[in-house]
Amino acid sequence: MHLATGLAVALPFIGAASAQYFPPPVEGVTVVESKFDKNVKITYKENDICETTEGVRSFTGHVHLPPNNNDFGVNQNYSINTFFWFFEAREDPKNAPLSIWLNGGPGSSSMIGLFQENGPCMVNNDSNSTTNNPYSWNNKVNMLYIDQPNQVGFSYDVPTNVTVNPINDEVTVADFSNGVPEQNNTLLVGTLGSQNPYATANNTQNAARSIWHFAQVWFQEFPEYKPNNDKVSIWTESYGGRYGPAFTSYFQEQNEKIKNHTITEEGEMHILHLDTVGIINGCVDLMEQATSYPDFAYNNTYGIKAYNQSQYDSMINEFYRTGGCRDQLIHCRDVAAESDPHFYSHNETVNKICNDAGDFCGQKLEDAFESANLGFYDIAHPLNDPFPPQFYKGYLSQAHVLADMGMPVNFSQASDAVWKAFHTVGDYGRGDVRGYIDDLAYLLENGIKVALVYGDRDYICNWFGGEKVSLALNYTGTENFHKAGYTDVKVNSQVGGQVRQYGNFSFTRVYEAGHEVPAYQPEVSLEIFHRIMFNKDIATGEIDIAQKPDYSTTGTADTFHIKNDIPPEPEPTCYVLSMGRTCSEEQVKAVKDGTAVVENYIVKSPAGKKQGPPPTSTSPPSPTSSSEGSVKEFSVSVLGVSVLAAITFFL
């Protein structure tokens, strides 16, 4: 798919209360120097923002790694300063397991998950205060949110002054030696990472190598985490469909090397006791999931039809025809296996072949969805989708919040540098060393739970493709998993979805949920999370899977027959820190010419207008064509950004 090249940088918007240019001075930060390497350190600060439950502690900070700290074969000539936000469990943190949370992208901040989905608080519409989240995932689990790879979110290489155009999210490295320009509606200033795409991991496998080094430091030397339960899980979302399998399998491989003394370096011999990899609406494998895009857009359980029959047939043909998407992906993976088997992305020929394959598949099978004017993350919502609210971006630009967190840089929701790095080497079309689907099989064979959870209104990483991935796994339990039927997921008095489960492996369809499932169905999502983390069956939460490892659901062979109603359209909310995703042409123009009335980052005038119900006929507008190698543009020139820039990456 063509991912976005724009940023949604949460720098103060002109006229906002407590607006400022740069982060306030860093104060009250604890510095821990590594006992293994004097050049490695942790800086952190305890705070009581977001998690306000009495007695529950939270910490924000960075793990600082010097240049050339990564594995042999990876050119890492830059510093890595990886941001984390750790929340103790609200209940019995000493005996609670820990889960890492990672958003996708590539280049998206895990603050998306924290503030929009499953963290201890939700930001109010003033973008300056929060409300406690009773469905927070740290109710019973210690949660570690990480911004990765380098330059994502609050992570950085070198603090660098920048300007930001909030109309199109363009970030430009700036020289303020002659003074700092005054902010206005089309110019913001602040401090981020260098914006250098060569100063970050350039593919999923290299990101796994980098995050393993982070984990070695954090789990051994972060002084505020000393649990009795040392189980570690990874939960992730979207492009995390690649991160989850790659990172967890890499961690497991490193564990094996530590055990057999292949790894003997002091400070890098901490075994991570892996428990679960959970993937929410993950884009795991393009080969397996590519046809799910036209399939879902044409025939879904909501009766929404983005394409007519001829458009659908054309897209399917682009996958199967000679020289089409499938053939190009096969060629990409064949040459990668031969010429870049360890996935370092040093081979420019492999990089170009895989880049071209990913771009072709995106253009031919996905991009035309724009023409239906439907939400990429929620097919039942309009393209300018106000849900989940974006208020956290303004919150993370407030001076008092940055001061409480001890941040030396401003916040950016997505890193253009990271996206460029991954895109250039063709990460989207490739698999990692083993292949992401085979990674999941490897984890299951090693006793690690694998949970696939998909909201059924998401287009961009839809449940059709997720189900295909689940059925493509080849492991010792494959036959029994295929025989397992779908059954209801019961949460209190409601049915939240359906699940197919055999032992440690499950695929769950969550009803009435878009891409960020916990934002839509917080109670159901929390219960699914708890059942998986604490070894209970997903359907009822009453059966101990650890005691009954051959547990299997019974029911129908598929779940497509269960249909859904289209929900009411949400009220439009144009948020100036997410203009490309939430604002109309008229509103963007008003912001640009200075006539918009803005309050707490929300455009009050001109008011937004509802789009109307999504198409349910077979004759939506025809997709506009695009030239080879380009991304289609909105016909509205005032926006000046591609449709995929507007949707801002895989979240």
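Just so you know, glycine gets a Cβ as well, placed from its N, Cα and C.
The shown structure was predicted, so the numbers you read here are calculated from the model rather than taken from an experiment.
According to Swiss-Prot, the features are:
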type: SIGNAL; residues: 1-19; note: signal peptide
type: ACT_SITE; residues: Ser238; note: active site
type: ACT_SITE; residues: Asp458; note: active site
type: ACT_SITE; residues: His515; note: active site
type: COMPBIAS; residues: 612-623; note: compositional bias 'Pro residues'
type: LIPID; residues: Ser625; note: GPI-anchor amidated serine
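Around Asp458 (active site), the same-chain residues at least 6 positions away in sequence with a Cβ under 8 Å from its Cβ are Asn281, Tyr377, Asp378, Ile379, Ala513, Gly514, His515. Asp458 (active site) falls within neither a helix nor a strand when secondary structure is assigned with DSSP, and so counts as coil. Its own atom aside, the Cβ of Ser238 (active site) has 29 Cβ atoms within 10 angstroms in the protein chains shown. When other Cβ atoms within 10 Å of the Cβ of His515 (active site) are tallied across all protein chains shown, the result is 29.
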